[in-house]
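In case it's useful when we look at the structure, here is the feature table from Swiss-Prot:
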type     : residues                                                             : note
REGION   : 1-385                                                                : region 'Interaction with pch1'
DOMAIN   : 36-339                                                               : domain 'Protein kinase'
BINDING  : Leu42, Gly43, Glu44, Gly45, Thr46, Phe47, Gly48, Glu49, Val50, Lys65 : ATP binding site
MOD_RES  : Tyr211                                                               : phosphotyrosine
MOD_RES  : Thr212                                                               : phosphothreonine
REGION   : 341-534                                                              : region 'Disordered'
COMPBIAS : 404-415                                                              : compositional bias 'Polar residues'
COMPBIAS : 428-465                                                              : compositional bias 'Polar residues'
REGION   : 442-523                                                              : region 'Binds to pct1'
COMPBIAS : 491-502                                                              : compositional bias 'Low complexity'
COMPBIAS : 503-534                                                              : compositional bias 'Polar residues'
REGION   : 549-591                                                              : region 'Disordered'
MOD_RES  : Thr565                                                               : phosphothreonine
MOD_RES  : Ser577                                                               : phosphoserine
Amino acid sequence: MKRSSSVSVEDEKSARRKLDVVPKLHFVGCSHLTDYHLMEKLGEGTFGEVYKSQRRKDGKVYALKRILMHTEKEGFPITAIREIKILKSIKHENIIPLSDMTVVRADKKHRRRGSIYMVTPYMDHDLSGLLENPSVKFTEPQIKCYMKQLFAGTKYLHDQLILHRDLKAANLLIDNHGILKIADFGLARVITEESYANKNPGLPPPNRREYTGCVVTRWYRSPELLLGERRYTTAIDMWSVGCIMAEMYKGRPILQGSSDLDQLDKIFRLCGSPTQATMPNWEKLPGCEGVRSFPSHPRTLETAFFTFGKEMTSLCGAILTLNPDERLSASMALEHEYFTTPPYPANPSELQSYSASHEYDKRRKREQRDANSHAFEQTANGKRQFRFMTRGPSDPWYGIRRPNYNSQPQYQRGSYNREGGNMDRSRNVNYQPKRQQNFKPLTSDLPQKNSEFSETNAMNQTSNHSHADGQRYYRPEQDRSQRLRNPSDYGRQGRQSSQSQQPAWNVSSRYQNNSKVQTTSRASENADTNKTQHNIKYIDSYVPEYSIARQSANQKTNEQHPSSTSLHQQSTSDLKSPSFHENSNVDDTPK
């Protein structure tokens, strides 16, 4: 008995030793954001922002997707919960995996909100960025390689009863090894009809449940979704795949609608108008009211894609059909003759490597290019100049009453008065329609090149050219860049910084505000000759053509009256002439 008891004690001790030898299990949780070094922004969307980052531990590059919480009161977004749950439940070589979760704890002391990041492997490109890269030209074996991987990933999702609901070129990631992966499962959803899928593998189950109708980017949205169908199947993903396939051949999206109705119109022009034969019960859908007035269109898809080959046209046409029940599934597409006829799909390892191309970078460059093209215009000699802004409904100044040219400055009492000034000098806003740049002085001895221009100025001469000092000055219709010269050309009075940016038509107000310069009244007969000559020289500095035309008139007058007194009287009358004479016979051609 004692022996047996001793044996049992020894066995118990040995068992305890074995338990101590067993290694402890390490349960790995979420990492912290400080474990990664954020490098640059790769993209952004409604549900998140993606950053390129490097893990400090081993130097590997990852993509961190920050989950946006627009309203924290509603809690964690349900779309993010679905995305995390789906990515943790699936595993395929053509689907982006979820490597880790990173959190940033909220800190009330420093008023810092908490953030959650999804960590996925970094991919060098997305399909949209490659298509917009002018140095990248896809070959047909390369397109077949990408399409075969896309069909394989889509087939795996549908076999797992998962709807992606946002397949597009920007959500297809490609690395420099030629591997394509489906990403962005923010709108993905699991289908509940498991029994039907088990009995009919490869076929879309007839969904009995209503889902959200506003899914999939518009350019890749199927016609049944656009018509308001909410009991859709996996066929909506196949329509998106067909649009992506055609986009890879075309180099751009094939259906770029600006609205839902415009998108339907473009679909019907390519795939034909819906009928009971091509799309049964389409008239019962809630969105058919706006489509009834559309004209009837025949199907032109086979003609539009004929140059890409018979096999490509056959496969793409079988996918882009109006009837979702007749639409080709992913498993059927993999067995299509498109992949078994030459040229055969390329091996991913044999594909060419490219520099990083992402849709977000291309979009930023495109927006910057559009902004620059809006601000500048191309001139006749090929140079770019600043575009003169005209007033229109899109201008925030549109509808404001036109101020007087001789009114007070905009800035009064320390505030800005947009109605009180001549123009907003910080913006190139013109209060009058842009006219021809013809330079004509207000004299009775010089002819007019454009009668219409002269009549317009004659009608507005009282309001536009009459000043408080009684003198009349010509206001050239020029661009602001031509009107504002070097302040040193204005003379001693024009060197002041506060006066250097004033337009030419404000000459009299400038002299009126300067106490050192006394203006001459129209009624005064004994005008100062030196002051008048200075005014003529001042206006000539703005309008060289005015000086040339005035000298031409003075030369002809000098031939008739060679005395200097007549010449001075003629130049003085140039400034005081009250109106235009359009039927003058004097030639104003520069000599």
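Using the three backbone atoms N, Cα and C, a Cβ is placed for every residue, glycine included.
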Reported as an integer number of Å, what is the Cα distance between the residue listed as 'phosphotyrosine' and Glu44 (ATP binding site)?
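The residue listed as 'phosphotyrosine' to Glu44 (ATP binding site), Cα-Cα distance: 25 Å.
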Determine the mean pLDDT over the domain 'Protein kinase' (36-339), rounding to the nearest whole number.
88
Under DSSP, is Thr212 (phosphothreonine) part of a helix or a strand, or is it coil?
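Where Thr212 (phosphothreonine) sits, the three-state DSSP reduction gives coil.
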Please report the Cα separation of Gly48 (ATP binding site) and Thr212 (phosphothreonine) in Å, rounded to an integer.
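Their Cα atoms are separated by 20 Å.
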Report the nearest neighbour of Thr212 (phosphothreonine) in space among the binding-site residues Leu42, Glu44, Val50, comparing Cα positions.
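Ranked by Cα distance from Thr212 (phosphothreonine), first place goes to Glu44.
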10 Å Cβ neighbour count around Glu44 (ATP binding site)?
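If we count other Cβ atoms within 10 Å of Glu44 (ATP binding site), we arrive at 15.
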